[in-house]
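Q: Below are the structure tokens for one structure; questions will follow.
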Amino acid sequence: MGESRQELLGWMNSLLQLNMTKVEQCGTGAALCQIYDSIYLDLPMARVKFNANNEYSYLENFKILSNTFRKHAIDRPIPVQDLIKCKMQDNLEFLQWSKRYWDQYYPGGDYDAIARRKGAGGAPAMPVAGGGGGGGRTSGARRPVGSAGVVPRTTSRQTGGGSVGAGTSGVLQQKNAELMETVQGLERERDFYFSKLRDIELLIQQAMEAEPSLEEDEGSLLKQIQTILYSTEEGFEIPQEAEAGELAGEEETF
């Protein structure tokens with residue numbers, strides 16, 4: 001039997017300086033990526049999405065984790081399709097295994113989780129009292145230590161309006177960063193589905209070129225699919241530059 005959910009959350013929050021409340025949150029893949037980064041220090045943490053909010057973004061995180069498993073010859077299969085559903089049991093079992101692996105291979109020393117992910121995170125980074133059990137290793141909160149041996153504080157209480165303004169600015173910057181990341185995710189998702197529709201369109205065109213009679217048969221399945229692809233909502237007009245691009249872009253590839 002592995003550690004309990006609470007023990008694992010305590011260990012993970014302490015190691016990664018997060019405040020995750022459910023094991024199911026591991027289904028985004030972000031925290032799992034950083035657990036293995038704490039061992040190898042070679043994951044591209046700047047590409048890991050801690051604010052991921054859809055399965056498409058989760059898959060990108062697990063792609064990074066899968067590359068790490070291959071690079072370091074970790075032969076444990078990653079049940080990605082089960083994990084991204086954010087079900088408790090699947091994520092608990094994989095996290096228990098990851099904790100055992102961490103106990104065995106963590107090189108020791110301090111791990112600056114916040115610096116490694118450049119301050120990104122789905123929740124404010126904060127230490128959790130107490131660590132996880134097991135493995136015979138202390139896994140308390142790791143904090144960066146300054147040159148004078150003093151642990152820097154992440155927040156400070158100041159008097160006057162300056163501290164309030166600085167805090168508000170920081171919140172706005174964080175919100176802006178989250179919105180930008182959301183927009184980028186939506187754009188990637190849009191391009192992903194558009195490329196699929198374009199592939200379908202090309203297949204239909206090729207089939208109709210091979211058998212011209214299909215073009216005249218309004219009841220054929222291909223013709224019906226093509227009609228759906230080219231249908232528009234009432235009041236929508238295709239921009240002229242788009243029409244010109246379609247006429248001149250027959251050789252365009254996606």
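Cβ from N, Cα, C; glycine included.
Per TrEMBL, the features are:
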- 2-103: domain 'Calponin-homology (CH)' (DOMAIN)
- 127-169: region 'Disordered' (REGION)
- 129-138: compositional bias 'Gly residues' (COMPBIAS)
- 159-168: compositional bias 'Gly residues' (COMPBIAS)
- 161-238: domain 'EB1 C-terminal' (DOMAIN)
- 234-254: region 'Disordered' (REGION)
Q: With DSSP, how much of the domain 'Calponin-homology (CH)' (2-103) is helix, how much strand and how much coil, in residues?
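A: Helix (H, G, I), strand (E, B), coil: 69 helix, 0 strand, 33 coil.
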Q: If you average per-residue pLDDT over the domain 'EB1 C-terminal' (161-238), what number do you get?
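A: Taking every residue of the domain 'EB1 C-terminal' (161-238) together, the mean pLDDT is 70.
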